[in-house]
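Have a look at the structure below, then the notes.
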Amino acid sequence: MAQEIVWYGAGAGAFFVSAVVFVWFAATRGNIRSSFYYLPPIHTSVAGAAYVAMALIAGGQLGDTVSITTLRFADWIVSTPIITYYLARLAGVDTQTRRLAVAANVVMIGVGYGFVSMSGSLRWIAFAVSTVAFIGLLYLYIKTFARKINAATASVRSLFQSLRDLTVVTWSLYPVVYFLGPLGTGIIQAPDLNFLVAVLDTIAKVGFMSILLVRYNSVETFVDSWSVAPAK
């Protein structure tokens with residue numbers, strides 16, 4: 001349990017530090033009124049708050065009021081659609097497509113919670129439905145978004161591809177980890193699953209922020225050309 005407290009605490013620290021750095025970046029070099037700038041620190045702050053609560057639960061300070069798993073999925077159902085919406089905005093897709101992508105994301109997480117909270121055949125039905133929603137989301141990322149962003153500048157396309165590829169790779173590992181975990185085949189035990197999920201969360205979210213900060217030229221191009229006039 002002490003190890004889990006360290007993992008959750010380290011994750012929370014990484015999320016909050018990345019949020020603060022990005023807010024500073026937005027205040028000094030960007031436009032905090034643009035969704036391009038205010039969404040990234042929101043999504044890592046949500047994750048940071050969830051990880052603080054997880055650390056407190058693991059340490060016994062919050063008792064059994066809520067489970068770590070419930071907190072984790074509550075974080076994901078808020079923070080992951082922000083990433084999806086962000087990628088959709090960056091790609092410049094229309095409003096209907098953005099809503100479809102966000103809806104698929106919410107279904108993926110919401111039904112995925114059924115996998116960890118139900119039992120028997122219902123658990124595997126939930127896993128299958130969540131996986132189908134994820135595959136649909138991947139199609140939007142890889143095909144629909146990619147077709148639309150072909151009209152953007154080379155720097156914006158490169159930025160989108162980096163963020164999308166990071167998201168696709170990390171998110172694809174979550175169902176594998178859960179399938180191999182205690183609720184699936186049992187190859188991965190609960191403490192190891194919690195560690196792996198914490199690592200994936202950190203890579204997915206802090207990595208997303210890091211790419212944005214490093215790729216400042218691409219960010220600047222995007223803000224100048226698209227963020228002031230959102231796609232309709």
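Counting begins at 1 with the first residue displayed.
Placed from the backbone N, Cα and C atoms, the Cβ positions cover glycine too.
For reference, Swiss-Prot has these:
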TRANSMEM  5-25  transmembrane segment
TRANSMEM  39-59  transmembrane segment
TRANSMEM  73-93  transmembrane segment
SITE      Asp75  site 'Primary proton acceptor'
TRANSMEM  100-120  transmembrane segment
TRANSMEM  125-145  transmembrane segment
TRANSMEM  168-188  transmembrane segment
TRANSMEM  194-214  transmembrane segment
MOD_RES   Lys205  N6-(retinylidene)lysine
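Listed stretches 5-25, 39-59, 125-145 were compared with the transmembrane segment (194-214); the greatest number of C-beta pairs under 8 angstroms is found for 5-25. Between the transmembrane segment (168-188) and the transmembrane segment (5-25), fewer than three CB pairs separated by 6 or more residues in sequence fall under 8 Å, so the two stretches do not touch. Within the same chain, the transmembrane segment (73-93) stays apart from the transmembrane segment (5-25): fewer than three Cβ pairs sit under 8 Å, each pair at least 6 residues apart. Residues of the same chain lying 6 or more positions beyond the ends of the transmembrane segment (5-25) and with a Cβ under 8 Å from any Cβ of it are 32, 37, 40-41, 44-45, 47-49, 51-52, 54-55, 58-59, 194-195, 198, 201-202, 205-206, 209-210, 212-213.
A Cβ distance under 8 Å defines the sequence-distant neighbours of the transmembrane segment (39-59), meaning residues of its chain 6+ beyond its ends; these are 1, 4-5, 8-9, 11-13, 15-16, 18-20, 22-23, 26, 66-68, 71-72, 74-75, 78-79, 82-83, 85-86, 198, 201, 205-206, 208-209, 212. According to its DSSP assignment, Asp75 (site 'Primary proton acceptor') is helical.
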